[in-house]
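Undergrad: Annotation comment: TrEMBL describes 43-379 as domain 'Ammonium transporter AmtB-like'. Look at TrEMBL and you will find 12-38, 74-97, 109-127, 133-152, 164-181, 201-221, 228-250, 283-301, 321-340, 352-378 tagged as transmembrane segment.
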Amino acid sequence: MSSYYLNFRTSIPWVILFLELVFLIRFLFFFTAVDNIYCSFDSYPEFQDVSHMVVFGFGFFLMVLRRYGFSSTAFNFLIVVLGVQCSVLLEDLLHFLKVEENAVGLKSLAKALVSVTAVVISTGAVLGKANPVQLIVMALVELIVFNVSRWINRTFLEVGSELTLRHVHLFGAYFGLAVASRFPEPSPGLDKNRSTPKSDLFSVLGTVFVWVFWPSFNSVLTDSKEEAVLNTYFALAVSAVAAFMLSALTSKDGKFSMTHIHSAVLAGGVTISYTAPSISHPWIAMILGLLGSVITILGSHCLQRCLNPPLKIQDTSGVHFTFGLPALLGALAAVVLSVVKEGTHAQWNDLSSLGLLIFVEVAAFCQTLSTALVTGFVTG
């Protein structure tokens, strides 16, 4: 028996058992009263949609390599269920330290599912390189660091709790890229690093799952659910149409490229995630969806040819231009829309308040990005 299988048997079961025991002890002796766990939560349909999106959608989305199709789906499921429990524990710990108001019941699970999305996105960058033990360690470290980053934004920059969660795509993409940069480069002719028509088909199926349930993802924890759902759908619809259009224009043979469509149809949902509950005009959401699709397809052309080789960026699933670049665009759009909105109300008289608003928005974005890159590099 090889050393890999021996190490697998002596590490994975005990790590999982330890984590499950900690989670069980949480309900026996931890901070939340049992009576409050079963409180009502009106957004169960959205919670169910987010579960489908994270488990089914991203599970199939990661099936891009011929040698890691079934294992990617299984490991994604394992990481999700362990990550949700770890995220709930971290939220209880922050409540115990009196740095955050505690959410209970399904709302707590919904926040945990949204947080775990960062880990799932990061997994796409290290797909085919990390073994299950490394994936579990990466998931635990990333969830801890992501919650610490959220705490910094809430405590020092006074950013709302729901707003800090919307950095999940940005954090997950660049944390995963930083981790992947520390792995050795794969051999160019290695067969296991290739995809097949079957794996591409399942990956596109996962993309469709994620696309369908993305409006629920953006609305599950917000009070303005109608605005979030409608704006997200408009942005997704425009980005999907633009993906097909731009794919035909940029392909050499004038045909649709599934690589472009696989990435760009989701760009609208990522870009609009920062501003979906606050946009009051659908045309703004549609423009953001269009810009997200454009930056994704252009990024897939430029980054893979110009930046990835010198920077040694290994991005198996294309999370950089699927989630990272649209998240950067969405964060920038959020700053611009906030300034325009506040400037209209203030009649542009109070420039100091506008400057403070810009500083807070940009500082939260820069803090999240720098924390993801530094801690991801160290983790890798």
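Cβ from N, Cα, C; glycine included.
Keep in mind that TrEMBL annotations are predicted by a computer and have not been checked by a curator.
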Undergrad: Is the transmembrane segment (164-181) packed against any residues at least 6 beyond its ends, judged by a Cβ distance under 8 Å, and which are they?
TA: 111, 114-115, 117-126, 129-130, 138, 142, 145-146, 149-150, 153-154, 221, 270, 273-274, 311-316, 319-320, 322-324, 326-328, 330-331, 364-365, 368-369, 371-377, 379-380
Undergrad: Calculate the per-residue pLDDT averaged over the domain 'Ammonium transporter AmtB-like' (43-379) and state the result as an integer.
TA: 84
Undergrad: Top stretch among 74-97, 201-221, 228-250, 352-378 for CB pairs under 8 A with the transmembrane segment (133-152)?
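TA: The stretch I would name here is 74-97.
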Undergrad: Grab the same-chain neighbours of the transmembrane segment (109-127) for me: Cβ-Cβ under 8 Å, and only residues 6 or more beyond its ends, written as numbers and ranges.
TA: 41, 43, 46-47, 50-51, 54, 58, 61-62, 64-65, 68, 72, 75-76, 79-80, 83-85, 87-88, 91, 103, 134-135, 138-139, 142-143, 146-147, 165, 168-169, 171-173, 175-177, 179-180, 183, 217, 220-221, 314-320, 322-323, 376
